[in-house]
Amino acid sequence: MSGDCDFGLIGLAVMGENLALNVESRGYKVAVYNRTTSKVDDLMEGRAKGKNFVGTHTIEEFVKSVKRPRKLMMLVKAGPAVDALIEQLLPHCEPGDIIIDGGNEYYLHTERRVKEVEAAGLLYVGCGVSGGEEGALKGPSLMPGGSAEAWPHIKEMFQSIAAKVGPNDDIPCCEWLGAGGAGNYVKMVHNGIEYGDMQLICEAYQLLHELGGLTNDELYDVFEAWNAGELQSYLIEITRDIFSVKDEQGDGHLVDKILDVAGAKGTGKWMSQLALDLGVPSTLVTTAVFARGLSAQKEARVRASETLNGPSAASNPEMQAIAKSLVGDRAEFVEAVRQALYASKIVSYAQGFVQLQAASAEHGWGLDYGAAALLWRGGCIIRAQFLDRIKEAFDKDANLENLLLDEYFEKAVENAQEKWRKVVAVASIMGIPVPAFSTALCYYDGYRMARLPANLLQAQRDYFGAHTYQRTDQDGTFHTEWIQLRKEPKA
Ligand code: NBP
């Protein structure tokens, strides 16, 4: 038996409730269920009143109220809750039904669930959802992957509820990404890039505020100007807004009253861990994760600040003169920081796509990188104008090895690098930590070096552990008895 709903949604917390309303607003009839069933009643009596919804109080009633092949989406806490729900859904579902998980799930869980659910004759989709509560309601970025057969069934509905971009606002930020956990992986990299972007903006803020002496009102103007150019993005826009908000409980701006301890939910850490597993240097996200970790050691930092000294640059006229000669006057400094931010951001995205390529190769997903860039163009937290350029780069060359090799980005970094280097140098001279600006620059310099000092590293490994090495002038694997050949030490 099946009902007449086009779609079913489980999980009526912020994301689920708003997504259900979004789907209904596009002309679909929606069944809803929540473990705590009073939330179903609250929705039916509240925001869903008079709309095309069916509220259900058991999983069986929920499943039976949806048309076959059923499209049943979960937006619940990731992890065991999803496994528990799949177990409850399966006995009531029928072959061909589609179970969709919209949570921030670890991609390997989705890889496993695709196999388990397909073995039961159903289809399974792990769909990254980005854009928070507002995105879920008005148009999120959707990143689906899993059982490919499910895509034709959900495509129209998912593309209709997704954010739209393009000159006519008609290109949906929702495309099929690939098999298994591809959708969750792309969402995880999105979140990791978000970590990098936020850290870069925070470093720009500290430089402008502490070195440049800009007030919150001046920072507002700077971020407003930046948002009108190549840095245009949601994160720059909300940062601008933050500098305008006054503290309702006292004097001054709210941002100055907020404790400098950053929280994290873990997707940045996943991306860093997986980068290490793949052996790809995603240094921006890793640095951003560590920067949040250092911020969380607030009490230790306060103690250390009473003991550890930095350069006396702030009070040293000679150092200040060097800094000034590097970055010029205030306007030039602001522009230099903008260029450092832009170049570092390009490196961050380049690293994200390299990691996606490595993961896709390992799992055989056949990821479409241009599509991933397009999905991030609207609806999500990292939405930014320059994602159009990334899409264009992958449209030109689907197998582009690194974004930095695309002509547009190559030139952009080349144009920015002089100022970028000066900003990192000045920060170092003045004792201001810019871990993300610096690691981005180190990656750029390391990546463009035909020869790195790893020759010496290989010699060290062979010396102490007989790990062998290869030569530049001959094929084969070599080992040297370094102690026998070395110069006798004096002592
Ligand atoms: P939460 O992540 O806070 O989850 C709350 C929902 O999960 C409630 O409906 C709750 O039911 C249900 N739930 C739990 Br907890 N354990 C359950 C179980 N064992 N069986 C059935 N249901 C269970 O909600 P959210 O913030 O709306 O996020 C939903 C998903 O979307 C998460 O994976 C999240 O990571 C992801 N996401 C969130 C955002 C965001 O901005 N919040 C953005 C993008 C993605 P109950 O009412 O009975 O407790």
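Each Cβ is built from the backbone N, Cα and C atoms, and glycine gets one as well.
Binding of NADP(+) is attributed by TrEMBL to Gly11, Leu12, Ala13, Val14, Met15, Gly16, Asn34, Arg35, Thr36, Val76, Lys77, Ala78, and the same site annotation extends, among Asn104, Asn168, Asn184, to Asn104. Counting only the Cα atoms, the space from Glu194 (active site, proton donor) to Asn104 (NADP(+) binding site) is about 14 angstrom. Long-range Cβ neighbours of Gly11 (NADP(+) binding site) (same chain, at least 6 residues apart, Cβ-Cβ under 8 Å): Asn34, Met74, Leu75, Val76. Listed recorded positions: Lys187, His467; maximum Cβ neighbour count within 10 Å falls on Lys187. Of all the binding-site residues listed here (Thr36, Asn104), the one with the fewest other CB atoms within 10 A of its own CB is Thr36. In the predicted model, the domain '6-phosphogluconate dehydrogenase C-terminal' (183-483) has a mean pLDDT of 95.
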